[in-house]
Each structure stands twice: as structure tokens, then as C-alpha cells.
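Per Swiss-Prot, the features are as follows:
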- 5-70: domain 'J' (DOMAIN)
- 136-214: zinc finger (ZN_FING)
- CYS149, CYS152, CYS202, CYS205: Zn(2+) 1 binding site (BINDING)
- 149-156: repeat 'CXXCXGXG motif' (REPEAT)
- CYS166, CYS169, CYS188, CYS191: Zn(2+) 2 binding site (BINDING)
- 166-173: repeat 'CXXCXGXG motif' (REPEAT)
- 188-195: repeat 'CXXCXGXG motif' (REPEAT)
- 202-209: repeat 'CXXCXGXG motif' (REPEAT)
Amino acid sequence: MSKKDYYKLLGVDRNASTDEIKKAYKKLALKYHPDRNPGNKEAEEKFKEITAAYEVLSDSEKRAGYDRYGHEGASGGFDFSQGFGSAGDFSDIFNDFFGGEFGSSSRSKAKRSTTGVPGADLRYDLEITLEDAFKGIQAPIHYVTNVKCDMCQGRGSEGATKPVQCHTCQGSGRIRTQQGFFTIERTCTTCYGEGEIIQNKCKKCNGSGRRRDEVNISVSIPKGIEEGAKVRVSGKGEAGAKGGKSGDLYVYVKITPHKIFTRNKADLHCKVPIRMTLAVLGGEIDVQSIDGAKIKVKVPEGTQTSTKLRCKEKGMPYMNSYARGDLYVQIIVETLNPNNLTKKQIELLKALEEEENASIQQQSEGFFSKVKKK
């Protein structure tokens with residue numbers, strides 16, 4: 001770190017009072033603090049410089065030495081050789097100076113550490129049918145995860161023995177070391193922030209309070225659930241360590257493609273082939289709905305292929321509702337295959353073609369006669 005003028009670094013003149021120096025430092029420290037500038041090396045370097053300047057100028061003896069002999073006269077100083085570490089360490093360093101502006105106090109951190117380590121949330125991918133999504137089901141779920149140890153009931157200790165206070169940190173879970181102007185606070189390396197040590201560890205879980213095992217549960221999948229939706233099962237994730245809270249299980253739903261129906265939210269769509277004569281003359285067709293019931297669908301005269309006929313409230317149920325979406329039946333008019341026709345049917349079609357040709361001829365002659373008159 002380059003040796004710059006401490007007064008210029010803090011933006012004060014050489015006759016500034018201690019209060020003026022403190023105010024200037026606080027303003028700059030808030031601006032360049034690593035917590036407010038994550039990953040910014042320039043801000044980190046600036047912060048180191050102003051901190052070193054403040055440590056000297058806020059101390060009357062060091063300031064006098066600096067004013068007389070420069071940097072060589074300012075003995076001591078803060079050791080920056082170890083870097084800043086985590087942002088959480090500096091939250092504790094500045095708590096007293098800035099009134100907790102950079103995070104919670106060390107006391108609250110120690111308190112949290114004694115509650116154990118929470119378990120992770122888990123994800124389970126469940127594939128169901130469209131019929132399952134229509135009616136809702138109780139789905140059996142099987143997975144392997146860390147569960148609470150049944151021998152020590154999650155305590156981690158053997159028998160009735162209880163954890164004892166960590167002798168290194170005296171139960172706080174944090175270790176404080178003095179470095180010049182600052183008090184550095186870090187996680188205790190003996191108890192790893194727990195504040196206590198298990199002397200007689202459970203033989204089954206080795207003191208962790210949990211073990212690997214299979215889990216079998218039944219999960220309620222509501223009717224009307226859509227593709228990609230997730231169902232949260234509270235407390236069925238990974239068990240916490242040292243008595244920590246268990247995570248949650250998230251069941252993500254995938255719906256198997258259906259042979260007949262496609263889905264758009266609560267609406268269903270299907271394609272139904274009909275005879276050409278039915279499309280021309282009109283009539284009724286039977287369509288099976290998703291619940292297995294038969295629906296009578298009216299086909300209007302002159303229906304063209306790709307026409308969609310709507311069946312109200314015959315689709316999927318809406319989530320948490322008694323209402324249902326609609327079913328849309330797309331008509332596909334089949335072309336007649338001469339190989340499947342009888343001789344009489346072919347004769348009738350030929351007669352129909354002759355009739356149509358005669359009608360078209362008359363229409364054409366009438367059209368051209370009108371053109372000639374013009």
C-alpha cells in the first residue's frame with residue numbers, strides 16, 4: 001500500500017480536531033467499506049488507506065509522531081497482511097463504531113450458531129398422468145436423505161450426556177483478536193461456531209445428529225395442477241445437524257403427454273375425424289371427456305376441416321376451485337378412399353360429380369353472358 005498523506009486521504013486539514021477526523025473517516029468508511037463494494041478491489045484498497053490514516057490521526061501520540069517525522073514516526077498500525085476475510089467479520093468490527101450499520105452483533109451470531117445447522121431443501125421430480133392431474137391424487141414418494149438419528153434423537157451425544165461449553169470461545173462461538181485499532185472477530189475453530197462441544201459422540205451418527213436413510217411418504221397432489229408446478233412439503237427435506245431445523249421437500253410435477261388431449265391451462269383440445277357426409281349434412285358425434293364421460297357434440301351443416309367446436313366446462317378443473325375449463329374439439333373431415341367404397345357408392349359419387357359439374361357449367365355460362373352484355 002502506497003504511503004499517501006493521511007490528512008489528504010481523510011480530506012481534512014492538518015489542524016483538524018479529533019471529532020472532525022472521526023466524522024471524515026466515518027463518511028469515507030461508509031463509502032468504501034467492502035460490504036458495500038463487493039468485489040471492488042479499488043474500494044478495498046481505498047478503505048485500507050483511510051483506515052490506516054484514521055488509526056494514526058485519531059491517536060494523539062501517533063499523530064504527533066506523524067506530524068513531526070511522517071510515516072516513520074507513526075509507530076504501530078493495523079496489520080492488513082491477512083486481508084479482509086469474509087464480509088461477516090467486518091460486520092462485527094464496525095458494529096460498535098457505526099451502531100450496527102454493517103450487520104448483527106457478535107452476540108446474536110453466537111446465539112444463532114447454537115441452534116444447529118439447518119437442513120437443506122430437497123427437490124423431487126414426480127411424473128403423473130393427465131387423469132391424475134384432473135382428479136388429484138395421493139402420490140407415494142421415495143427418496144434417500146439425511147434423517148434425524150433415531151439413537152440420539154438428533155442431539156449428537158450418547159445417552160443422556162449433553163454438550164459442554166467450548167473452552168476456547170467460552171460458548172460464544174466467536175474468537176476475538178486485537179490488531180492495532182481493530183478487534184477482529186472470527187468463527188471459533190474448535191467448535192466451528194457452535195459454542196459447545198460434544199464429548200461423548202453418538203456412535204451411530206458420530207455426533208452429527210443425523211444419518212443417511214430412506215424416506216417413504218405420501219404427498220397430496222391437488223386436482224388441476226399444471227405442468228412444472230411444485231408442491232411444498234414442510235419439514236421433509238434434509239434433517240438439520242446438531243438439532244437444526246429440517247429443510248423442506250419440493251415436489252415438481254411433470255405430466256405425461258396424453259394420447260388424445262393436449263392442454264392449455266384449464267382448457268383441453270382434441271382432434272376428432274368425421275365422415276365427409278356428416279360434415280356436409282350435419283349431425284352429432286360422441287366425444288369422450290377426460291373424466292371418461294360421453295359428450296354429445298353437435299356438428300353444424302357444412303362444417304369444414306379444422307373447425308373447433310367448444311364444449312363448455314368439460315376441460316380441466318381450476319386449482320382450488322370447482323370451476324372447469326372448456327374442451328375444444330377440432331374437426332378433421334376425412335377424404336373418402338375409393339378402395340373402401342362399394343360399387344353403388346362409387347356410382348352415387350359419380351352421379352353427384354355430374355350434377356355438380358352441370359351446376360358449375362350453368363353458373364359459368366351465366367357469368368360469361370353477363371360479362372358479354374357489359
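Glycine is no exception: its Cβ is also placed from the backbone N, Cα and C atoms.
Source: prediction; values computed, not measured.
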In the chain carrying CYS191 (Zn(2+) 2 binding site), residues 6 or more apart in sequence that have Cβ under 8 angstroms from it: CYS166, THR168, CYS169, GLY173, ILE197
To test your reading of the Zn(2+) 2 site: which residues beyond CYS166, CYS169, CYS188, CYS191, same chain only, put their Cβ within 8 Å of the Cβ centroid of those residues? HIS167, THR168, GLN170, GLY171, SER172, GLY173, ARG174, ILE175, THR189, THR190, TYR192, GLY193, GLU194, GLY195, GLU196, ILE197
Take the Cβ of CYS169 (Zn(2+) 2 binding site) and count every other Cβ within 10 Å, whichever protein chain it belongs to. 23
Within 8 Å of the Cβ centroid of CYS149, CYS152, CYS202, CYS205, the other same-chain residues by Cβ around the recorded Zn(2+) 1 site are ASP150, MET151, GLN153, GLY154, ARG155, GLY156, SER157, GLU158, LYS201, LYS203, LYS204, ASN206, GLY207, SER208, GLY209, ARG210, ARG211
Count the Cβ atoms, other than its own, that fall within 10 Å of the Cβ of CYS188 (Zn(2+) 2 binding site), considering every protein chain shown. 20
Grab the pLDDT values for the repeat 'CXXCXGXG motif' (149-156) and give me their mean, rounded. 88
Could you give the number of helix, strand and coil residues in the repeat 'CXXCXGXG motif' (149-156) as assigned by DSSP? 0 helix, 0 strand, 8 coil
Enter the number of other CB atoms within 10 angstroms of the CB of CYS152 (Zn(2+) 1 binding site). 25
